[in-house]
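One structure below.
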Amino acid sequence: MNRQRADSEGSMRPDDEVMPYSDDETDEELGDTSDSESEGEPEVPQPDLEPRAPDVGWKVKANDRPYHQLPEFQKKVFLCIKKSRYSGNAIKTYKYNVLTFIPLNLYEQFKRAANLYFLALLILQIIPQITTLPWYTTLVPLVVVLGITAIKDLVDDLARHRMDKEINNRKCEVLLNGRSEPKTQTSCCQTCNSLKLMVSFCCSFQESRWRQIQVGDVVRLKKNDFIPADLLLLSSSNPNSLCYVETAELDGETNLKFKMGLRVTDEMLQEERQLAGFDALIECEEPNNRLDKFLGTMLWNGERYPLELDNMLLRGCKIRNTDVCHGLVIFAGADTKIMKNSGKTRFKRTKIDELMNYMVYTIFALLILVAAGLGIGHTFWYDQIGSKAWYLYDGLDYNSTYRGFLSFWGYIIVLNTMVPISLYVSVEVIRLGQSKFINWDLQMYFAEKDTPAKARTTTLNEQLGQIQYIFSDKTGTLTQNIMQFKKCTIAGRSYGNPTTAEGVSLDRGKPVDWSWNQHADKKFQFMDHLLVANVKSKKDKEAMEFFKLLSLCHTVMVDNKDGELVYQAASPDEGALVTAARNFGFVFLSRTQDTVTIMEMGQEKTYEMLALLDFNSDRKRMSIILKFPDGRIRLYCKGADTVIYERLAQNTKYRETTQTALDNFANDTLRTLCLCYKDISANEYEVWSRKHKEAQLVMVDRDAALDRVYEEVEKDLMLIGATAIEDKLQDGVPETIATLAKADIKIWVLTGDKKETAENIGYSCSLLTDDMHIHYGEDVNEKLSVRQATRRHQAPTNFRRARQRPEESFFTEPGKNALIITGGWLNEILYEKKKKRRRLRLRRLGRRPPPSNPQDGQPMNEWEKEMRQIDFVDMACECEAVICCRVTPKQKANVVSLVKKYKKAVTLSIGDGANDVNMIKTADIGVGISGQEGMQAVMSSDYAFAQFRYLQRLLLVHGRWSYIRMCKFLRFFFFKNFSFTLVHFWYSFFNGYSSQTAYEDWFITLYNLAYSSLPVLLVGLLDQDVNDRLSLKFPKLYIPGQQGTLFNYKNFFISLFHGIFVSLIIFFIPYGAFLQTMGQDGEAPSDYQSFAVVTASSLIFTVNLQISLDTSYWTFVNCFAVLGSIAIYFGIMFDIHSAGIHVIFPSVFTFTGAASNALRQPYLWLTVILTVGISLLPVICIQFLYKTIWPSVGDKVQRNRKKYEMQMEEKKPKQEPFQRGRRSRRSAYAFSHSRGYADLISSGQSIRRRPPARSGAQENIREFARREAENI
């Protein structure tokens, strides 16, 4: 075993098997204990078994509404206005009402800087001294943008209104008039535990709406009712107050959960008159969002009863398989746990979002500079020219400086379109469409479970095309999390390989025939006939004891469904072990509060259960203490070899042979558990039982107190053997990892499994290869310590520059490197604090280490600790693969945070269980796998699907397309706005910098709304450089997204200079064409209105043809958008330039006949063609040169697209056979196992029939989705 040890110098090696810090550690546990430690070797503290009252912050009195209105329960809400701190049960998730919608929605929208900017412009346009544009040129686009957003918000809020109304008006039965009159007489007998209540007033359950329920009310619920509030379960129609609930609306899981009431309330609160006289006082924790924890006490009839989460029915759950139950309202409405969890989650933003915001700020700064320059120009122009020309006199006595000031604000208005008003709305529309494409992708649909891919957010799609690091869980993510009992070792002999009943080994065998066992699970397969023969003969006592332990030591619940036993286990491992015992003749039949009944080789036996010591991630084991029919008391225990071997008796047998078998099982990537037992005398049990009962009453740190008591009995164990369970890789995992690696995406596996199992899985799934140099925690710690010691000896002037100076590589040897590190070493390397329990163990194993010494590599300050973290991240990022094993959920999130913090990299986390939620939320992108461990990961994720192999399509196809589309959209969006706006800048040199516009007013208003928006929007939705199959065939196409080369400040300034060039051409070529010319009718066409028409027409043709050149994937809608935009421009222009509309609105439409007059001149059409041609010719030439001389990988693939597609059709790659890693490793136990139902079992219950599984989606829905995807 790899235990922690202390050498002669006092240095410590971290014990990889010691649990690192956990998620629920307290400040005291992480606090400094140097005072106590400095006094030598302290004794291990004994558990504090004296009950202590918890910090009570919430009191509930049953059947007493006036109690909760007392002044002590009032809180101040505004000035002197107070109200009860207890919420009513009505919920409010909507944001607006009839009166607040307009002001509140506008307030929220104007918190966005762009909208506030355009509002300020609108105000400026009201000032006559500076306005040069009509107010509607800004108002119309602003109203359209605000209106679209407001309509979306209104539709969403109306849906919330309807949902709130429906929920608040649901009905349930509430006990009214309970204890409302002080006439209840109580007669209590001291010699028995019965309570007789005589109620002299009328009380009954009456139908009431949910919104009328209050804290302290008693509620009656029936089968299939939703739970209206957080209730304390009082009684149930099921035996022992058992209640079944479905928590689908709470955590997404459809399997049933078990809740139970206290025995005292179940026995004494069955009838209405008893419930009406119920007057208990509940003291518990304040309302919070912890769905996994509740702590309180009930004071009733002079007794205190502990309350836990298993006693609570939470709002949002549904009553199942229970006819009637009663509950006391503890938290109502906004105080319920589900409502506390409905708060805002951390808002994730993409790198493009951040870059786009900075670019908008840059545009605004450019706008200020340009406007200031033109304002100064107007000041000098007025001094030298304007003030001396009598025909320019405007009757205003303003000096040149003031006129320049007014001109500055005038140009702020004229050039305002440099800041794109419709940018954010367009981006949201594009993202929404991209999310729908992910949802509709049938190649990411898992038919076996009827599970499609789901984009649970619409704001992160393009970030999928920039992933640099993937952090993946192992169990259930890379593997199937479907456990199968494959091998075992019993009394030093291993079983599981193909063997005959006589013990002859076979190269290939057939599965065991279980027809001799009527209770056997026919799906269970086992290849070793010898073990079956030994069990059937009943001669192998150790084998009999082995399977008896598996059938008794567990927290599995059993249901009888259509005459067949159905096991409901807290984890797949547990279910696999009980199923194995069932097939070998030890069938778990039923359990009650105090007994476990099994069938041993056809004989039914019942064992009295004295105690059940449940599993948790710290203990990594579970035990059960049973009283045999012959009076013997025995403890059965199963758990990780690392904790079991520490607790074995000195004279135990089979230690070495079992260890060898564990090494072999780990080599086959099997998950292992050690099984052992201990006989306990009656006196020993009595002493321990008293301590156990006292620990159960502790109200502070109850779990820790119980764990300490468990330690006293779980020692001096006798080893029986070990089990080995197989968790197969999911289909396509090796191919997916290999493909992602070719895309230069680095994959880190963060798992709770043993190092040996994680390493072998790494080889199996192609994460690790034979040509890699593997570095372990010891080597990593040594390299980091050397680097840190070297840095300390540097000059102080260089000390602070260490972070900026590039350092040499950590790995001098050539070739690929991989890192495998355990949670213990991770803490040691990063100087994380450990729990006090671990420090106590260190002191027992050796003397205390000396204080930190600058020479030993330990940190001297926080800066050195940070540099150590940076060094670790740098080293890990130099590796091709990283595996962190034996890590807790908190450590997983910390590793992701380190890479995000120090590498500024885009990260993705993927997992399937509750222990992956923290990691998923921490990463830039969180992906949930809907697997065997519930829906917590999916509910916390940004994207969800059913198989790991779909990740390559999500990233290399949808992510890459989304990134390319968004980059193209933004580049062209900025370009078209610069091209449009800067024409005013060139025009200013010819109008005395007087803030005059080069276009007609309505053209300025409609340019971004109607004339140029649709083609670029469709490029952002539909464009693709290569198809999906080529995107997967050539993963290198993904690299530009990681490097951010398609949209950055370089691209932004290219778009800016491109816009400057186009605006220059669009202005000066028509200017030269109009200068000193004459039309066919003998009249000069060089009037301002004709010039505006020609420049506007040239601009529309240029921007629409430019987007056509940039479009890689043409569809009918693209053609319609380009041609339609041009047609809409001419249609609207001729309408607003007509005489008819001028007659109706003479002051608004002033360009009467301008379009028809200008465009009837062939000379001006030639001018438009020349302008457009010169604007587009340089772009065409540059694109040709780049694709010919400096082609990118994408250009090469596009050029040979037909050839590659033909090759893919002719030959399809053969799937490589699956190969396991062949390195010798130790055990493979994972402590990510779930806590069982021990508390529930100890309280007593029976199992009822579960409802049938929900049917999948209807075929017509799938067919509809398939047709939609094909149409797209």
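The backbone N, Cα and C atoms fix where each Cβ goes, and this holds for glycine too.
These numbers come from a predicted model, not from an experiment.
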TrEMBL feature region 'Disordered', matched against 157-187, 1242-1272, maps to 1242-1272
Comparing 358-382, 402-427, 1002-1022, 1139-1157, 1163-1186 for Cβ pairs under 8 Å with the transmembrane segment (113-130), the winner is 402-427
Per the 3+ Cβ pairs under 8 Å rule, pairs at least 6 apart in sequence, do the transmembrane segment (136-155) and the transmembrane segment (402-427) touch?
yes
Please report, as numbers and ranges, the same-chain residues at least 6 past the borders of the transmembrane segment (1052-1073) whose CB is under 8 Å from any CB of it.
359, 362, 971-972, 974-983, 985-987, 990, 998, 1091, 1094-1095, 1098-1099, 1102, 1163-1164, 1167, 1170-1171, 1174-1175, 1178-1179
Is it possible to list how many residues within the domain 'P-type ATPase N-terminal' (62-139) are helical, extended or coil according to DSSP?
34 helix, 9 strand, 35 coil
I need the CA-to-CA distance for Phe615 (ATP binding site) versus Asp916 (Mg(2+) binding site), whole Å please.
19
Under 8 Å Cβ-Cβ from the transmembrane segment (1002-1022), and at least six residues away from its ends along the same chain, one finds 133, 136-137, 140-141, 144, 417, 420-422, 426, 429-430, 433-434, 965-966, 968-969, 972-973, 976-977, 980, 1092, 1096, 1100, 1103-1104, 1107-1108, 1110-1111, 1113, 1115, 1117-1118, 1121-1122, 1124-1125, 1128-1129, 1132-1133, 1136, 1149
Would you kindly list the residues that approach the transmembrane segment (1113-1132) from elsewhere in its chain, counting only those six or more residues past its ends and only Cβ-Cβ distances under 8 Å?
1002, 1006, 1010-1015, 1017-1019, 1022-1025, 1096-1097, 1100-1101, 1104-1105, 1107
With Cβ distances under 8 Å as the criterion, find the stretch in 358-382, 969-990, 1163-1186 that has the most pairs with the transmembrane segment (402-427).
358-382
Quick check for the class: what is the C-alpha distance, in angstrom and rounded, between Asn915 (ATP binding site) and Asp473 (active site, 4-aspartylphosphate intermediate)?
9
Tell me, by DSSP, whether Arg671 (ATP binding site) is helix, strand or coil?
strand
Near Asp912 (Mg(2+) binding site), which recorded positions out of Asp473, Thr475, Arg671, Gly752, Arg886 have their CA within 10 Å?
Asp473, Thr475
Arg886 (ATP binding site) to Asp473 (active site, 4-aspartylphosphate intermediate) - Cα separation in whole Å
12
Measuring Cα to Cα, how many angstrom lie between Thr475 (ATP binding site) and Asp916 (Mg(2+) binding site)?
11
